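Visitor: From Swiss-Prot, for reference:
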type: REGION; residues: 1-238; note: region 'Disordered'
type: LIPID; residues: Cys3; note: S-palmitoyl cysteine
type: LIPID; residues: Cys4; note: S-palmitoyl cysteine
type: DOMAIN; residues: 31-60; note: domain 'IQ'
type: MOD_RES; residues: Ser41; note: phosphoserine
type: COMPBIAS; residues: 84-95; note: compositional bias 'Low complexity'
type: COMPBIAS; residues: 119-130; note: compositional bias 'Low complexity'
type: COMPBIAS; residues: 139-154; note: compositional bias 'Polar residues'
type: MOD_RES; residues: Ser151; note: phosphoserine
type: MOD_RES; residues: Ser153; note: phosphoserine
type: MOD_RES; residues: Ser154; note: phosphoserine
type: COMPBIAS; residues: 168-199; note: compositional bias 'Low complexity'
type: MOD_RES; residues: Ser202; note: phosphoserine
type: MOD_RES; residues: Ser203; note: phosphoserine
type: COMPBIAS; residues: 226-238; note: compositional bias 'Acidic residues'
Amino acid sequence: MLCCMRRTKQVEKNDDDQKIEQDGIKPEDKAHKAATKIQASFRGHITRKKLKGEKKDDVQAAEAEANKKDEAPVADGVEKKGEGTTTAEAAPATGSKPDEPGKAGETPSEEKKGEGDAATEQAAPQAPASSEEKAGSAETESATKASTDNSPSSKAEDAPAKEEPKQADVPAAVTAAAATTPAAEDAAAKATAQPPTETGESSQAEENIEAVDETKPKESARQDEGKEEEPEADQEHA
């Protein structure tokens, strides 16, 4: 084995020597070249990283600038929209001004409606009040009529109507009845002139009835006296 190893080593050395002779380059030089290559590649790698970082920074800066540019048109659009809304709001505000006269014109009509409603409301209570007053006046009139119908004046008027046939036969009795009836009529007129009340009417009716009852005997006595005076007058004429 050792013999084989030695032989192979010698062969390899011989091969290396032959290559060196052919190339004319020593192994040290090859190593130096390889080191320089490695260093160069490493430097290149570093520079590439730097370039990439710079590029990234440049890319980021470019992206930021692009974003700013994009944001600027958006802001302009927003401002334009805000201006559009302000103009739209100003337009309705200006449009509402001509409507204000219409509203002002509507307010008098509304006031008129309110006055009309108030007038109707006032007329509604007045109408029942007037109807109540009419009913009260009708009741008072009916009461006065009933009192006048039941008053002694009517009875006094009926009494002279009944006595008219007797007075036609006795002229002297007519004068006596004429003298007595005005007093009864005056009493009846006074009784009717007074305001009718429930208690007053009853008392006055009783007084008038008593007065009529008192006047009837007087009238009959005067009629008898008139009858007695008639023959005496006839005798005197004869």
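Each residue, glycine too, has its Cβ placed from N, Cα and C.
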Visitor: With every protein chain in view, how many other Cβ atoms are within 10 Å of the Cβ of Ser41 (phosphoserine)?
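Guide: For Ser41 (phosphoserine), the count of other Cβ atoms within 10 Å is 10.
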Visitor: Does DSSP put Ser41 (phosphoserine) in a helix, in a strand, or in coil?
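Guide: DSSP assigns Ser41 (phosphoserine) to helix.
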Visitor: Across the domain 'IQ' (31-60), what are the DSSP residue counts per state (helix, strand, coil)?
Guide: 30 helix, 0 strand, 0 coil
